[in-house]
Amino acid sequence: MDKKESLLKKDYYEDCPGCKMDRQKELQRGLPIKQVLTIWIIVLATALTISSLFPFLYFMIRDFHIAKREEDIGYYAGYIGSSYMLGRALTSVMWGAIADRFGRKPVIIIGSATVVVFNTLFGLSTNFWMAISMRFLLGSLNGLLGPIKAYASEVVREEYQSVGLSAVSTAWGTGLIIGPALGGFLAQPAEKYPAIFASNSIFGRFPYFLPCLIISLFALLVTIACFWIPETLHTHNSEKISSQISYDALESASLRSNDKVDLKEGSEKTCKESLIKNWPLMSSILVYCVFSLHDMAYTEIFSLWAVSPKKLGGLSYSTQDVGEVLAISGLGLLVFQSSLYPLVEKIIGPIMVSRIAGIVSIPLLTSYHYIGMLSGIALSVVLNCASLVKNVLSISIVTGLFILQNRAVEQHQRGAANGIAMTLMSLFKAAGPAGGGVLFSWAEKREGAHFLPGDQMVFFVLNIIELVGVLTTFKPFLVERRQ
């Protein structure tokens, strides 16, 4: 049977955009580079906003004059840092239901447009409450992550679904690297580049507007381009799926590759119950949440520690210095992820990768206090090396646990499993910056303490969280599903 005959055999609906997309997929030949690149760019526009603020957040809080003492800056920085993830955790289910009822394309367009509006307004924030509100709205109104994973599975043929999903994770990681670098290099431009930006210009009055504006302009181009992307939702099935069911089916590639989806409430409850009772899945998600809490707290604390003054145990770095460190770490991370990690994981397995990376992270974090005692070129070289290794270890842990989650369930359950993981992870990631900011602020007030003074207490607590994560990678807590 040739291609045309096979297409005629299929039950297609002429007015259904999902069916039209299926017909286009049947005619695809070779790797769908255009579709993968489109997914990568859309996700990058959103990911850039997540951590671009961390290099300059300390100075932004200082300029708001809300902190009575310099030691209190970290306390307020933590709440701004966590507001995005809190908003995302509260609305991810709602956006999943909307995407399954009205289509992936509208949610993707709204999410990209949200970046344009609220990221720009965040850069123009004049006080603490405006900044935290803009970040919260940015997180709650940008429900793009779940639908874009479903879109990545649906817009390509089944044999390329792994490529589409890997484009999502790669773009997300790239954004978390490039974002802080942009924030570090472009914040306070009137001070860094006075020949280009005058002190009485808008960039002088709003010193943190430029990095937000650059990201928002990129997101604007992405938003406009998204009007021409194809819709992949099968609309002739939408009336059969309740809003409660739709979110769990949202990211499932296998459910979306079928022409007809007929889910019942009873089977949905059974699916949820089976996932909750699936200990290999739930244990990997819980371990993932512990390490996510540590990673977000570390990201917040590292930037605060680097830019805080020497008298409070910091490095007295500028935003540009922090941007340089994060850019170098990001470049090394991309090289490791694309070349060395697959080889290491194949040799020793994902659990052992996560366990060893967690163990090595503990003495590395302990050394940060002593790295802060260095100065000049020695400080720059050692700090860049330590930051690079720490980021490589962190991403190795998360990647290993993500592999375990996918292996713990059958393909038709991965959408629901991913929804559970994303909701829990967002809650833990929201707690990370808030807890990290409070911890850092408290530690700065006890520089003269006899037991773990100043930043030693900060890195000690981070190591405790890391140790808990390492201990949970052992049996009987973490169990790998037998293939």
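Numbering starts at 1 and runs along the chain as it is shown here.
Glycine is treated like the rest: Cβ placed from N, Cα and C.
In TrEMBL, annotation is done automatically, which means it is predicted and not curated.
Residues or ranges marked as domain 'Major facilitator superfamily (MFS) profile' by TrEMBL: 35-481.
For the transmembrane segment (37-61), same-chain residues at least 6 beyond its ends with a Cβ under 8 Å from one of its own Cβ atoms are 67, 73-74, 76-77, 80-81, 84, 108, 111-112, 115, 119, 122, 125, 128, 131, 135, 138, 142, 144-145, 148, 151-152, 155, 164, 167-168, 170-176, 178-180, 182-184, 187-188, 207-208, 211-212, 215, 218-219, 222, 225-226, 229, 299-300, 302-304, 307-308, 319, 322-323, 326. The transmembrane segment feature in TrEMBL is assigned to 37-61 (among others).
Counting only same-chain residues 6+ beyond the ends of the transmembrane segment (73-95), those with a CB under 8 A from a CB of the stretch are 49-50, 53-54, 57-58, 60-62, 64, 66-67, 107, 111, 128, 131-132, 135-147, 247, 296, 300-301, 304, 308, 419, 422-423, 426-427, 429-442, 444. Sequence annotations record features per position, and here TrEMBL assigns transmembrane segment to 73-95 (among others).
For 107-126 (among others), the entry in TrEMBL reads transmembrane segment.
According to TrEMBL, the transmembrane segment annotation covers 163-188 (among others).
TrEMBL lists 208-230 (among others) with the feature transmembrane segment.
According to TrEMBL, the feature transmembrane segment maps to 285-305 (among others).
Counting only same-chain residues 6+ beyond the ends of the transmembrane segment (325-344), those with a CB under 8 A from a CB of the stretch are 55, 170, 173-174, 177-178, 180-181, 184-185, 306, 317, 353, 383-384, 387-388, 390-392, 395-396, 399. Look at TrEMBL and you will find 325-344 (among others) tagged as transmembrane segment.
Positions annotated as transmembrane segment by TrEMBL: 351-371 (among others).
The annotation transmembrane segment is assigned in TrEMBL to 377-404 (among others).
Sequence-distant neighbours of the transmembrane segment (416-442) (same chain, 6+ residues past either end, Cβ-Cβ under 8 Å): 71-86, 88-89, 92-93, 96, 145-146, 149, 247-252, 271-272, 275, 278, 281, 285-286, 288-290, 292-301, 304-305, 405, 408-409, 457-458, 461. Summarising the annotation, TrEMBL assigns transmembrane segment to 416-442 (among others).
Sequence-distant contacts of the transmembrane segment (457-478), counting only residues of its own chain at least 6 positions beyond either end whose CB sits under 8 Å from a CB of the stretch, comprise 283-284, 286-287, 290-291, 293-294, 297-298, 301, 305, 351, 354-355, 358-359, 361-362, 365-366, 368-369, 397, 404, 439-440, 442-443, 446, 449. As annotated by TrEMBL, transmembrane segment applies to 457-478 (among others).
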Within this structure, do the transmembrane segment (285-305) and the transmembrane segment (377-404) have 3 or more Cβ pairs under 8 angstroms, counting pairs 6 or more apart in sequence? yes
Give the nonlocal contacts of the transmembrane segment (163-188) in its own chain as ranges (CB under 8 Å, at least six residues past its ends). 31-32, 35-37, 39-56, 59, 145, 148-149, 152-153, 155-156, 207-208, 210-211, 214-215, 253, 303, 319-324, 326-327, 329-331, 333-334, 337, 395, 402
